[in-house]
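Here's what TrEMBL has on this protein:
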DOMAIN    8-47  domain 'Transposase putative helix-turn-helix'
DOMAIN    203-302  domain 'Probable transposase IS891/IS1136/IS1341'
Amino acid sequence: MTDANLAKLACKFKLEPTGEQRRFFSRTAGCTRFVYNHLLFKCREDFREYLEEIDTRQSNGEALNRDEAKKLSFRPLCYKGITGLNYLLPDLRKEYPFLQECPSQALQQKAQDLMSAYHRFFDGKGGLPRFKKKALHNSFRFPQGFELDEDRKKIWLPKIGWIKYRKSRNIFGKPKNVTVSLNHGDWYISVQTEFELKPLIQEINLNTAVGIDMGVIRFATLSDENYIPSLKDRLNPVYEKIEKLQRRLSRKKKDSKRYIKLRIKLSKLHKKLTDIRYDYLQKESARLVKNHDIICVEDLKV
């Protein structure tokens, strides 16, 4: 079985952790974010010294092209690969004792994420890696050492133990890694699986071909004279609640208890908007795929 025949699938479930487990999640996410930012700082400092050395040599009359510069005795961390970053982790855990509480796998995965970000930057596929903010980045990953018990609706994670999750679907394929993340105050787990992709051979019914035209009043109009209605009736009540809470929030003292309480309510309403849109798109796309063998969509940037 080759890699071309393998497909990956991610299944996301809502966790039901205890109070102690929630606190451990927060500490682990903070530790992994700290390690990522610390390693990024080291990489930037090393690269700055590396450029200074090149400038010094060039000012002394040495002509260095790109390939020769990479062969210098001093190489920055971002050129050494994941091995160079992982080499710093043991000393980092000794320097900052609170990192001892965090599973080592989670820290190593953050180092891997940083190196992947640098690879994308050097390949021209992304920008320079940035420092992670607490408000936006609260997640950590385990590539191994976890255990799934679908019958009991529980998952076992290193240093954490068994955690309940809401089983909304069966997990298909072989689990490869799990990611725990915080979203609008709730913790979720994403299980990435790998399975063999088998081609589905069947006759195509040309009579079921349909074209889709995106609209404004209607969400979309189909070439068979059917249409997909807009979501305004479902979204507008939520938007009205958000506007009211935002007005109340503007009158509160920043970072006060009532301010934080309103921020949490607003966050949950924004999540509700996202969930409504996601649920609607999934149901409508599934209906189209089941009823039409050929689907044509106009090429618009929407």
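Cβ from N, Cα, C; glycine included.
What you see is a predicted model, and the numbers here were worked out from it, not measured in a lab.
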Task = Averaged across the domain 'Transposase putative helix-turn-helix' (8-47), what pLDDT does the model get? Just tell me the whole number, please.
result = 93
Query = By a Cβ-Cβ criterion of under 8 Å, what residues six or more beyond either terminus of the domain 'Transposase putative helix-turn-helix' (8-47) are in contact with it?
reply = 76-78, 85, 88-89, 92, 96, 98-99, 101-103, 106-107, 109-111, 113-114, 118, 129-132, 134, 137-140, 159-161, 163-169, 171-173, 176, 180, 182, 186-195
